[in-house]
């Protein structure tokens, strides 16, 4: 887990910022073991965020405090520990690796929990989820079941 402790999420990147530029801006805080700018699989264009792993977790904390909210290549960046941001602010539409598609109904404990407990569950990327049957009368057994039949076989 030591490598995870030194791993930072960097969001709000300029689409032209690459690994080298990111490393150049953060290397003054200490030795870096890995720099990744996440790219779209098909277009290879930056998705506007990345990760930096410091060999020493204390260096990562120093970098996070100093660089969060700073400007990099003309964009204000957000820097946080990697584990926090992946679950917290970005967990909504993805629901923690798609587990929101289970039929449990409660969903407490999946993802961050911030989006799952909203009444009706609409507006946060869960439109296709089957967890909300009956809450809004849309895609459930009361409308004939034709939406659910394809998924239940």
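Just so you know, the numbers here start at 1 and follow the chain as drawn.
Note that Cβ sites are derived from N, Cα and C of the backbone, with glycine treated the same way.
Annotated features, as they stand in Swiss-Prot:
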{"type": "DOMAIN", "residues": "6-84", "note": "domain 'RRM'"}
{"type": "MOD_RES", "residues": "47", "note": "omega-N-methylarginine"}
{"type": "REGION", "residues": "81-153", "note": "region 'Disordered'"}
{"type": "COMPBIAS", "residues": "89-112", "note": "compositional bias 'Gly residues'"}
{"type": "MOD_RES", "residues": "103", "note": "omega-N-methylarginine"}
{"type": "MOD_RES", "residues": "103", "note": "asymmetric dimethylarginine"}
{"type": "MOD_RES", "residues": "103", "note": "dimethylated arginine"}
{"type": "MOD_RES", "residues": "118", "note": "omega-N-methylarginine"}
{"type": "MOD_RES", "residues": "128", "note": "omega-N-methylarginine"}
{"type": "MOD_RES", "residues": "133", "note": "phosphoserine"}
{"type": "MOD_RES", "residues": "143", "note": "phosphoserine"}
{"type": "MOD_RES", "residues": "151", "note": "phosphotyrosine"}
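According to DSSP, the domain 'RRM' (6-84) comprises 25 helix, 30 strand, 24 coil. The Cβ of residue 47 (omega-N-methylarginine) has 14 other Cβ atoms within 10 Å, all protein chains considered. Looking only at the domain 'RRM' (6-84), the predicted model's pLDDT averages out at 96.
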